[in-house]
Amino acid sequence: MPKRTDIKKILIIGSGPIVIGQAAEFDYSGTQACKALKQEGYEVILVNSNPATIMTDPEMADKTYIEPLTADILEEIIKKERPDALLPTLGGQTGLNLAVELYENGVLERYGVELIGANYEAIKKGEDRELFKETMESIGLKVPESAVVRSVEEGLKAVEKIGFPVILRPAFTLGGTGSSVAYNVEEFKEKLKVALETSPIHEVLLDKSLIGWKEIEFEVVRDKADNVIIVCAIENFDPMGVHTGDSITVAPTQTLTDKEYQMLRDAAIAVIRAIGVDTGGSNIQFALSPESGDFYVIEMNPRVSRSSALASKATGFPIAKVAAKLAVGYTLDELKNDITKFTPASFEPSIDYVVVKIPRFDFAKFPEADRTLTTMMKSVGEVMAIGRTFKEALLKAVRSLELDRYGLAFPKLTNVDKVELERNLINPNDQRLWYIAEAFRRGYSVDEVYELTKIDRWFLYNIEEIVKFEEVLRKEELTPEILRQAKEMGYSDWEIAKIKGITEEEVRKLRKEEGIVPTFKGVDTCAGEFVAYTPYYYSSYERPYYTVDGQEILDED
């Protein structure tokens with residue numbers, strides 16, 4: 001289908017001030033959308049209350065309003081500008097909530113403004129917990145045993161049936177705002193009061209706790225012709241119970257069997273169709289039992305989300321740009337891939353590398369804050385790293401956090417007693433990665449750490465191997481082969497030097513003398529299957545050749 005010609009002017013709602021759970025990711029998405037729509041010849045009107053963004057730069061939109069993001073202000077702007085359409089799916093939760101309010105107040109109908117990207121029914125089904133539950137059950141997918149309550153009295157009746165622990169999720173909120181886990185009645189009463197106040201419609205979903213299950217996310221895009229693609233599947237390092245924004249995440253998924261992956265992929269496609277998002281992207285989250293393989297649908301964001309920015313950068317597929325073009329009538333097969341200039345956007349990205357995201361916390365600025373990670377997001381940012389292996393990407397990401405830590409060593413933890421160590425493994429906080437490494441240094445087995453953390457054993461084995469290699473570096477002579485192994489694993493020159501008690505310059509000199517230098521690999525959305533005109537690159541110490549019958553064959557990638 002060609003682009004729509006019946007709409008000329010499009011209003012985009014920005015995400016407003018930077019808050020926990022809604023930060024630069026939405027500026028990144030909104031900027032992409034403004035550029036894409038202007039490229040197609042549409043007049044773009046942008047409303048955002050935050051002038052410190054790229055999207056509010058003068059050249060991004062035809063007209064930019066720096067105004068408070070309220071329904072009354074938006075009505076005045078709509079009255080003045082008379083846009084043909086409103087695109088609310090790029091402004092995070094703020095954009096969605098305002099679109100719903102404008103629709104329900106009759107403002108959109110009064111001024112003849114059409115919702116594009118996601119219609120009112122799709123937004124309600126995705127965001128209203130009760131409607132979402134009914135929709136999932138209608139297509140045969142399970143959601144955790146739950147109840148929607150609007151008062152403390154209703155909550156007390158419902159929790160008798162659901163039992164403890166119970167997760168509280170306020171409707172129409174972002175970043176897990178107001179959500180929590182309650183383990184007894186007294187705690188439940190206090191947390192439910194907070195959750196009810198947090199929800200703009202005073203509605204809270206009480207969920208059966210699935211703490212300890214794996215959390216898997218799918219970034220899905222659908223068009224008007226019902227073409228659906230999975231842009232990326234993202235696995236959470238931390239099990240259920242930690243907000244996905246505070247969890248270390250990995251793409252592609254590392255621990256799923258093919259059967260589990262295909263099962264969740266089919267479910268994700270069924271969810272986006274049932275909710276009715278037909279011109280854009282959605283983020284769909286699942287809980288998967290590590291024992292039985294059973295799964296539940298946790299939630300769905302019928303909009304470009306925080307994870308969409310991560311998936312875009314991880315794969316090279318510009319989700320926000322594509323979503324904006326789908327909203328004005330294009331189909332996936334009509335849009336060309338920017339990197340290959342040949343394949344259509346309906347061609348699912350292939351990932352032949354590993355991407356790791358680690359959240360960045362800043363508890364030093366909030367000394368009174370509880371560092372325990374729960375269902376309410378606390379991180380203030382995140383870093384992303386790309387490597388050929390999980391170990392390499394993880395260590396790259398750790399160095400990018402700017403915490404003056406170059407690996408999994410954290411000397412302060414050597415004096416922590418066993419009780420405190422295990423308490424911090426059971427109750428995850430922002431230091432959990434280093435506590436896990438410390439446990440392995442003290443001789444804990446993978447199974448013992450798994451019982452305390454419920455983090456999948458595959459991830460734990462990888463961390464254990466990184467820690468064990470510290471001992472190899474410490475005790476063995478730094479031969480070219482050991483140095484190469486360390487670099488392939490992701491160790492930095494600085495960290496190797498510190499372990500060996502030599503200078504970073506000495507390590508670098510030895511490395512270069514032995515020809516141990518980085519090779520650069522491309523992110524091209526297709527794993528090298530097609531010519532890439534505008535790929536981006538990541539460095540790796542993977543050997544740039546393969547051995548065939550004892551002969552070294554150069555890798556031409």
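Every residue, even glycine, has its Cβ placed from backbone N, Cα and C.
Applying an 8 A CB threshold to same-chain residues 6+ apart, the list for E215 (ATP binding site) reads E235, N236, D238, P239, M240, T244, S247, Q285, F286, A287, L288, I298. The ATP binding site annotation in Swiss-Prot covers R129, R169, G175, G176, K208, L210, E215, G241, V242, H243, Q285, E299 and is backed by similarity to another entry.
The Mn(2+) 1 binding site annotation in Swiss-Prot covers Q285, E299, and the record cites sequence analysis as its basis. The Cβ of E299 (Mn(2+) 1 binding site) lies under 8 Å from the Cβ of F132, R169, I284, Q285, each on the same chain and at least six residues away in sequence.
Under DSSP, Q285 (ATP binding site) is assigned to a strand (E or B) in the three-state scheme. With a 10 A radius on its CB, Q285 (ATP binding site) counts 22 other CB atoms from all the protein chains. Positions annotated as Mg(2+) 1 binding site by Swiss-Prot, on the basis of sequence analysis: Q285, E299.
Positions annotated as Mg(2+) 2 binding site by Swiss-Prot, on the basis of sequence analysis: E299, N301. The Cβ neighbour count for N301 (Mg(2+) 2 binding site), using a 10 Å radius over every protein chain in view, is 23.
Positions annotated as Mn(2+) 2 binding site by Swiss-Prot: E299, N301.
As a whole-number mean, the pLDDT of the domain 'ATP-grasp' (133-328) in this prediction is 90. The domain 'ATP-grasp' annotation in Swiss-Prot covers 133-328 and is backed by similarity to another entry.
The region 'Carboxyphosphate synthetic domain' feature in Swiss-Prot is assigned to 1-402.
According to Swiss-Prot, the region 'Oligomerization domain' annotation covers 403-553.
Each residue contributes its Cα atom, and for V242 (ATP binding site) and N301 (Mg(2+) 2 binding site) these two points are 18 Å apart. It is R129 that, of the binding-site residues R129, K208, has its Cβ surrounded by the most other Cβ atoms within 10 Å.
On the backbone, the CA of K208 (ATP binding site) and the CA of N301 (Mg(2+) 2 binding site) stand 20 Å apart. The CA atom of N301 (Mg(2+) 2 binding site) is located 11 Å away from the CA atom of R129 (ATP binding site).
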